[in-house]
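Quick look at what TrEMBL lists:
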type: REGION; residues: 357-380; note: region 'Disordered'
type: COMPBIAS; residues: 361-370; note: compositional bias 'Polar residues'
type: COMPBIAS; residues: 371-380; note: compositional bias 'Acidic residues'
type: DOMAIN; residues: 414-491; note: domain 'Recombination activating protein 2 PHD'
type: BINDING; residues: Cys419, Cys423, His455, Cys458; note: Zn(2+) 1 binding site
type: BINDING; residues: Cys446, His452, Cys478, His481; note: Zn(2+) 2 binding site
type: REGION; residues: 490-510; note: region 'Disordered'
Amino acid sequence: MSLQMVTVGHNIALIQPGFSLMNFDGQVFFFGQKGWPKRSCPTGVFHFDIKQNHLKLKPAIFSKDSCYLPPLRYPATCSYKGSIDSDKHQYIIHGGKTPNNELSDKIYIMSVACKNNKKVTFRCTEKDLVGDVPEPRYGHSIDVVYSRGKSMGVLFGGRSYMPSTQRTTEKWNSVADCLPHVFLVDFEFGCATSYILPELQDGLSFHVSIARNDTIYILGGHSLASNIRPANLYRIRVDLPLGTPAVNCTVLPGGISVSSAILTQTNNDEFVIVGGYQLENQKRMVCSLVSLGDNMIEISEMETPDWTSDIKHSKIWFGSNMGNGTVFLGIPGDNKQAMSEAFYFYTLRCSEEDLSEEQKIVSNSQTSTEDPGDSTPFEDSEEFCFSAEATSFDGDDEFDTYNEDDEDDESVTGYWITCCPTCDVDINTWVPFYSTELNKPAMIYCSHGDGHWVHAQCMDLEERTLIHLSEGSNKYYCNEHVQIARALQTPKRNPALQKPPMKSLHKKGSGKVLTPAKKSFLRRLFD
């Protein structure tokens, strides 16, 4: 095992605990910065380019038909193919925290729209779920199993905010373990089904999950209710016949006590577990080798890496899997020095195969850590985990380097929301229009058809109307579709007008009778 320090350019502030890495065609992309994206890269997705131990983050772009993808931290992600032999490569993103510290319950599917001139254009779509929809959460896992020529997503664990009836001002951000239910998610039809397995008693978070064919292994994890990290090892098997899926769970011996660990794949049937915590205030400094076979799993300790003194003495660490047996690690900087960096980064190479320096990118993994900005050290409530699949990195592609201080560089990216034909909101020159806007234009969701996002400014909405709509659950229709929506509504029945009695045609108290001409005029008026 070899450990190398990595230098990062001026955009080092983008890399905070809670990010994810995704690999498309050998190129790694960074997702999940802390805070809303800057105007220089409104997508919040960057090419993760490491050359000669120097990291550059270069902005990626999305197609115009993509949905809005907020920068989610601590989500569950996994690589997805329609079948085990399919060449179509996508990523599933579920849950996570938004920059407003809210939890997401949405599922996003990211794929490559096109690749021209060595630049990747992504397409992101939001998948609506029906059935037993999982509650918003983070610190969970999502994997894909393949059985009988079909595929299915498996979601488990995580933490969520306490029910709204139990939340108070003092404990508004208090979290609790999710119920130990296993969710099967059909990504094609958007159906979710919940399963209760008697072997799973605790809602574990920040565990390690490994998927192989129709089987998922769950290792370790942390239970917030009991504040322990039991040496768990579960095997969940999913059978997908023509009828109802069959899900069963088996408790296996030989588990490990760990949370927030990073998993990297060294070959088809071998994985390495790096980092994590074995106690609340003690990092797990040993590495474990996981070998998989048909209906078999073996876990053994490996040689300990030559950790630096900074890594040994740091209280927290975080990172993710880069694939081909390589792990990306980060530790807090030395706050005692005035010019200290916020974080220091390393790459740990676990595979001894003869690979070039450019062949180090993503495999099926789960990573977790703490967020020092939202919690105290050693608190597992901010651990995160995610999954991905291993492919080789063969790119020497050139991208425009991201520079958050260079306003002239904003033209290389664009805002991918398709609003309306008359939309004139340009993210590169956008300035706040409403007092409630911070780092992006205010948008509202039109419920017509499959739904789409529109800018509140383009819809000529008053700010008080915008705030009112954001607080309620009523459907909204944009200017283009409001007439269609009205046509679908049943017209209200207007009450018949009451005709005044004839005696009212006489002026009271005057003693005078109206002339026939005035009577005729008043009759026509009231009729």
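Including glycine, each Cβ sits where the backbone N, Cα and C put it.
Taking only the Cα positions, the spacing between Cys423 (Zn(2+) 1 binding site) and Cys478 (Zn(2+) 2 binding site) is 12 angstrom. Looking at Cys478 (Zn(2+) 2 binding site) and His455 (Zn(2+) 1 binding site), their Cα atoms lie 9 Å from each other. Taking the C-alpha positions, the distance from Cys446 (Zn(2+) 2 binding site) to Cys419 (Zn(2+) 1 binding site) comes to 10 Å.
On the backbone, the CA of His481 (Zn(2+) 2 binding site) and the CA of His455 (Zn(2+) 1 binding site) stand 14 Å apart. Listed binding-site residues: Cys419, Cys423, Cys458. The one with the lowest count of other Cβ atoms within 10 Å of its Cβ is Cys423. Separation of the C-alpha atoms of His452 (Zn(2+) 2 binding site) and Cys419 (Zn(2+) 1 binding site): 8 Å, rounded to the nearest whole number. For His452 (Zn(2+) 2 binding site), the Cβ neighbour count at a 10 Å cut-off comes to 18, with all displayed protein chains included. Around the Cβ of Cys446 (Zn(2+) 2 binding site), the number of neighbouring Cβ atoms within 10 Å comes to 23.
Averaged over the domain 'Recombination activating protein 2 PHD' (414-491), the predicted model has a pLDDT of 76.
Neighbouring residues of the recorded Zn(2+) 2 site, listed in sequence order and excluding Cys446, His452, Cys478, His481, comprise Cys420, Tyr445, Ser447, His448, Gly449, Gly451, Val454, Tyr476, Tyr477, Glu480 (Cβ within 8 Å of the Cβ centroid). Summary: among the binding-site residues (Cys478, His481), the fewest other C-beta atoms within 10 A of the C-beta are counted at His481. Packing around His455 (Zn(2+) 1 binding site) is summarised by its Cβ count: 21 other Cβ atoms lie within 10 angstroms of its Cβ, all protein chains included.
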